[in-house]
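S.K.: Please read through the structure below; I'll follow up with questions.
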Amino acid sequence: VVESWSFLDTVESNFTPLVVIELAKGTKEETIEWFTKRIVDKKANGGAQLLVKPLVMENGVENIYLVGASHLRLLLGAETVGLVKECSDNSMRTFTYSSRKTFKDFADDNHNFLTMAECQYIIKHELENLRAKNEKMIPGYPQAKLYPGKSIVRRLLTSGILVQIFPLHDREELKKLRHRWYGRVKVGYQPLDDIRCYFGETIALYFGFLEYFTFALIPMAVIGIPYYVFAWEDYDKYVMFATFNLLWSTVILEVWKRICAILTYRWGTLLMKRQFEEPRPGFHGVLGINPVTGREEPVYSSLKRQLRIYLVSLPFVCLCLYFSLYVMMIYFDLEQWALDYHKENESNFSSLMLYVPSIIYAVVIEIMNRIYRYAAEFLTSWENHRLESSYQNHLILKVLVFNFLNCFASLFYIAFVLFDMKLLRQSLATLLITSQILNQFAESLLPYWLQKRYNRRMKKRMCSQKTDRDLSIAEQVNMEKEMGTYLGTFDDYLELFLQFGYVSLFSCVYPLAAVFAVLNNITEIYSDALKMCRVYKRPFAEPTANIGVWQLAFETMSVISVVTNCILIGMSPQVDALFPDSKMDLVLTVALVEHLLLAIKFIMAFVIPDKPRDIQMKLAKLEFESLEALKQQVRAFQMQL
């Protein structure tokens with residue numbers, strides 16, 4: 001591999017642009033010259049050994065650069081990032097350039113061995129790992145300090161010199177994917193392998209989970225329809241439906257782990273070694289020595305961070321939770337007003353007015369969730385977390401706690417304080433349906449309409465310049481750089497998490513929740529596919545082996561649903577009538593049943609393996625072979641001594 005690096009030619013006649021770098025307008029010439037030189041320089045000199053080409057826009061400004069790489073460079077990069085590919089014997093192994101001939105479909109002239117998403121991921125990795133050597137500052141910008149080992153791209157981003165880096169769409173491949181994915185309405189599975197090849201594993205896994213969750217909701221929906229139509233109110237039918245719901249929620253989450261393992265093994269990410277995490281771009285502090293790497297980098301006191309979390313962030317979150325409960329009480333005052341109005345008038349209009357408070361409250365909940373999200377992002381950034389994973393975990397915790405209380409507090413209050421099952425059913429239905437409609441509009445339809453308007457204006461502006469390849473690339477870059485940036489799967493998983501709460505927490509009260517969830521998710525698949533292909537810039541692929549902290553969030557929700565459904569069943573008149581003399585016996589019985597169901601849940605979670613046996617065997621075989629290879633290397637080293 002070392003020899004390959006030394007002979008690697010950085011000049012390639014057939015330049016394929018993969019990634020776009022946009023610098024701020026007016027960036028100094030010496031800065032551009034230094035940065036582009038570092039990108040094309042050899043690895044031995046601390047460069048990335050990539051290809052760069054300036055893109056001259058119609059106004060003559062050169063602030064956009066296209067980045068590509070030779071085929072050999074990408075193969076060596078695949079080894080650096082630890083990509084896992086399928087071998088000729090159908091096993092999955094970490095790609096190495098020296099053993100390239102053993103991999104399936106590999107040929108020196110086959111430039112499709114690596115997917116475009118993988119190529120772009122490699123280029124992103126190499127750009128992010130461009131590090132300062134002896135420079136003390138970015139040339140031309142003395143205020144933008146550098147130190148040995150600092151990521152150049154991260155410093156350029158935080159200094160505002162680098163506006164954005166994004167991967168280009170492949171218009172032909174995107175057209176084919178759109179046709180297979182949502183081009184025609186059909187009953188069938190999504191092309192997950194094609195989505196993975198184009199957008200990467202993280203996004204493909206989200207769509208895989210969305211599809212799986214939709215299919216998993218169908219049994220609940222099928223059972224819920226007759227339950228609702230025939231208005232079964234007997235406690236034994238309550239118990240049957242709630243028990244099925246609780247077992248269902250456990251089984252689907254455990255089965256998903258197995259499906260996730262199958263998908264990620266096939267895609268190679270289940271075997272990928274975890275990369276050492278670098279400090280996130282927004283992290284700041286005084287210069288010090290990292291005790292792990294020995295490199296000079298910013299250091300920030302963990303005590304200061306804890307003080308910020310517990311003395312500022314925590315009180316702020318509590319204040320927001322209090323405000324959410326205050327708004328909830330206003331909603332109940334409106335609900336009482338609507339009820340009194342209906343009693344006085346008894347008209348069709350007054351009947352409709354009964355739903356108005358719930359609709360208004362649902363809209364207010366969505367607005368509060370979005371405003372709080374911005375506040376949570378600001379606070380989490382201000383806490384100055386060193387690693388991106390730590391930042392994400394703190395942000396997710398803040399958002400989940402607020403969203404859970406904001407969305408479900410009124411339902412808990414109606415169920416366990418007001419004891420009004422009719423109002424609970426009405427509020428649950430209104431909140432669920434209204435939130436689904438608002439989310440579809442805000443996340444997909446509105447951005448799509450705005451993007452379509454922008455594209456029409458851009459095409460009119462550039463219609464006089466035609467045919468030349470560079471001009472078509474310029475037109476494409478012009479359109480894509482103004483597109484919105486896809487900020488990740490956070491909001492998509494959050495929406496599914498809240499939907500899971502609506503379906504499972506009060507399932508025995510409103511069994512039609514699963515039906516509306518299925519209908520929403522079917523449209524969600526198409527609208528999310530539309531926004532990925534038409535609304536947002538292409539995101540960089542991010543290898544992942546699972547859905548991360550969201551698996552724990554869904555499992556926690558399923559445990560809470562056991563408690564709520566058991567209490568709801570215990571509160572029903574039929575169950576209450578079984579214990580006319582002692583309410584304590586009723587409480588103890590409900591607690592016993594709840595503990596029993598929780599025990600069954602945990603036993604099922606333990607009994608169902610997270611990975612299918614064949615994948616367990618393949619992983620064990622690879623581990624054995626790795627240990628044997630290591631032993632041989634040790635023996636060879638000892639013999640040399």
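From the backbone N, Cα and C atoms, a Cβ is placed for every residue, glycine too.
I grabbed these lines from TrEMBL:
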type	residues	note
DOMAIN	195-621	domain 'Anoctamin transmembrane'
TRANSMEM	212-232	transmembrane segment
TRANSMEM	238-256	transmembrane segment
TRANSMEM	309-332	transmembrane segment
TRANSMEM	352-372	transmembrane segment
TRANSMEM	395-416	transmembrane segment
TRANSMEM	496-519	transmembrane segment
TRANSMEM	586-608	transmembrane segment
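Walk me through where these features lie, including what they touch and how far apart they are.
M.R.: Here the transmembrane segment (212-232) has long-range neighbours at 238, 241, 244-245, 248, 252, 255-256, 259, 496, 500, 503, 507, 510-515, 517-518, 521-522, 525, meaning same-chain residues at least 6 beyond its ends whose C-beta is under 8 angstroms from one of its own.
Residues 320, 324, 327-328, 331, 334-335, 337-339, 341-342, 399, 402-403, 406-407, 410, 426-427, 430-431, 434-435, 438-439, 442 of the same chain lie 6 or more positions beyond the ends of the transmembrane segment (352-372) yet place their CB under 8 Å from a CB of it.
Here the transmembrane segment (395-416) has long-range neighbours at 313, 317, 320-321, 324-325, 328, 331-332, 361, 365, 368-369, 372-373, 376-377, 379-380, 423-424, 427-428, 431, 435, 490, 494, 497-498, 501-502, 505-506, 509, 549, 553, 564, 567-568, 571, meaning same-chain residues at least 6 beyond its ends whose C-beta is under 8 angstroms from one of its own.
Sequence-distant neighbours of the transmembrane segment (496-519) (same chain, 6+ residues past either end, Cβ-Cβ under 8 Å): 209-210, 213-214, 217-218, 220-221, 223-225, 227-228, 238, 241-242, 245-246, 249, 400, 403-404, 407-408, 411, 415, 421, 424-425, 428-429, 431-433, 435-436, 550, 553-554, 557-558, 560-561, 564-565, 568-569.
Beyond its flanks by at least six residues, the transmembrane segment (586-608) meets 243, 246-247, 250-251, 253-255, 258, 555, 558-559, 562-563, 566-567, 569-570, 575-576, 578-579 of its own chain at Cβ-Cβ distances under 8 Å.
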